[in-house]
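What follows is one structure encoded as structure tokens, with my remarks underneath.
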Amino acid sequence: MRTTMLQSIRSSLHKSSSSSPLRRSYSSQSAPERKVAILGAAGGIGQPLSLLMKLNPLVSSLSLYDIAGTPGVAADVSHINTRSEVVGYMGEENLGKALEGADVVIIPAGVPRKPGMTRDDLFNINAGIVKGLCTAIAKYCPHALVNMISNPVNSTVPIASEVFKKAGTYDPKRLFGVTTLDVVRAKTFYAGKAKVPVADVNVPVVGGHAGITILPLFSQATPQANNLSDEEIVALTKRTQDGGTEVVEAKAGKGSATLSMAYAGAIFADACLKGLNGVPDVVECSFVQSNVTKLPFFASKVRLGKNGVEEILGLGSLNDYEKQGLEALLPELESSIEKGIKFANQS
């Protein structure tokens with residue numbers, strides 16, 4: 001029973017939006033050594049994310065960092081009988097050791113959103129945390145793929161880019177805002193409403209990673225359901241955009257979307273590892289430096305490879321409702337991007 005459950009979790013982690021027989025058959029026996037560092041590993045997202053990455057056979061070394069509590073998390077997950085060796089690092093003086101040699105760095109560090117808290121409130125706390133962590137990444141593992149989970153992603157990714165530019169290490173192909181949770185939600189909500197198996201569903205989600213900047217493209221969903229009304233699509237769009245708030249309110253002040261975010265973060269990190277290892281046709285949505293729109297950063301489908309972003313895919317055909325959504329999100333997303341850049345350059 002337990003073995004079957006573990007195999008099921010691993011299988012889920014390795015199944016992504018563009019799975020193929022070749023990708024599914026990719027085994028740990030041929031996988032190279034890969035170090036993954038999680039910054040904020042003792043937090044609400046960090047702990048389940050550490051568990052999920054410990055289950056990933058593509059990870060040979062799992063480095064867990066936080067300002068406190070890391071030894072306990074590391075000891076706990078290190079007892080799991082999977083490939084990776086786990087080391088926990090606590091305190092700023094050990095951040096460099098945690099990062100050295102990392103192939104992928106995942107950043108869920110910072111405070112979660114609580115009832116009544118805006119993303120501006122989050123920004124005021126998390127921006128400084130992200131800036132400090134990225135300064136260390138530039139020094140200790142400048143070639144790592146950086147997966148930014150810390151909110152607000154629309155601003156923290158631009159902050160990271162400016163930090164890396166100042167350090168002379170910026171490679172836009174290696175910096176990602178993790179928007180996978182938006183895709184996970186869109187798939188789940190769409191499958192439930194369209195009455196199709198969720199495992200078969202794919203829905204691209206573009207734009208950003210907050211409120212109306214999240215734009216699920218249900219017109220491009222597969223399998224395409226013709227039984228959904230315009231009103232249902234509008235409701236699905238709003239629910240996808242407000243998914244984080246739905247969880248915050250349901251937890252009544254005792255947490256945010258930590259478990260689903262950890263799952264989404266693990267899915268995207270797995271895709272990055274597959275790309276690094278040369279698995280073909282790895283496509284996920286992510287918030288990256290982009291020329292898809294007039295904005296310097298934008299979330300869309302990207303093809304991942306040995307250097308990070310191999311190709312940024314276009315938006316495809318949008319219906320009128322999606323075109324309106326795109327026009328509506330651009331000013332807000334632009335403001336968030338500028339806010340991050342300004343913070344990075346003035347502080």
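Glycine too: its Cβ is placed from the backbone N, Cα and C atoms.
Since we're looking at a predicted model, the values are computed, not measured.
Annotated features in TrEMBL:
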| type | residues | note |
| --- | --- | --- |
| ACT_SITE | His209 | active site, proton acceptor |
| BINDING | Gly40, Ala41, Ala42, Gly43, Gly44, Ile45, Gly46, Asp66, Asn126, Ile149, Ser150, Asn151, Met261 | NAD(+) binding site |
| BINDING | Arg113, Arg119, Asn151, Arg185 | substrate binding site |
| DOMAIN | 35-177 | domain 'Lactate/malate dehydrogenase N-terminal' |
| DOMAIN | 179-343 | domain 'Lactate/malate dehydrogenase C-terminal' |
| REGION | 1-29 | region 'Disordered' |
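Taking the Cβ of Met261 (NAD(+) binding site) as centre and 10 Å as the limit, one finds 24 other Cβ atoms among all the protein chains shown.
Here the CA atom of Asn151 (substrate binding site) lies 7 Å from the CA atom of Asn126 (NAD(+) binding site). Each of the binding-site residues Ser150, Asn151 was scored by the number of other CB atoms within 10 Å of its CB, and the largest score is that of Ser150. Of all the recorded positions listed here (Arg185, His209), it is Arg185 whose C-beta has the fewest other C-beta atoms within 10 angstroms.
For Gly40 (NAD(+) binding site), the number of other Cβ atoms no farther than 10 Å from its own Cβ, over all displayed protein chains, is 25.
The two recorded residues Gly46 (NAD(+) binding site) and the residue listed as 'active site, proton acceptor' have their Cα atoms spaced 19 Å from each other. DSSP places the residues of the domain 'Lactate/malate dehydrogenase N-terminal' (35-177) in helix, strand and coil in these numbers: 66 helix, 28 strand, 49 coil. Burial estimate for the binding-site residues (Ala42, Gly44, Gly46, Asn126): highest at Gly46, by number of other CB atoms within 10 Å. Reported as a whole number, the C-alpha separation between Arg185 (substrate binding site) and Met261 (NAD(+) binding site) equals 10 Å. Residue pairs drawn from Gly40, Ala41, Ala42, Gly43, Gly44, Ile45, Gly46, Asp66, Asn126, Ile149, Ser150, Asn151, Met261, the listed NAD(+) binders, are separated by up to 18 Å at the Cα level.
Listed recorded positions near Asn151 (substrate binding site): His209 (candidates Gly40, Gly44, His209; Cα-Cα distance within 10 Å).
Each residue contributes its Cα atom, and for His209 (active site, proton acceptor) and Ala42 (NAD(+) binding site) these two points are 23 Å apart. Per-residue pLDDT, averaged over the domain 'Lactate/malate dehydrogenase N-terminal' (35-177), rounds to 95.
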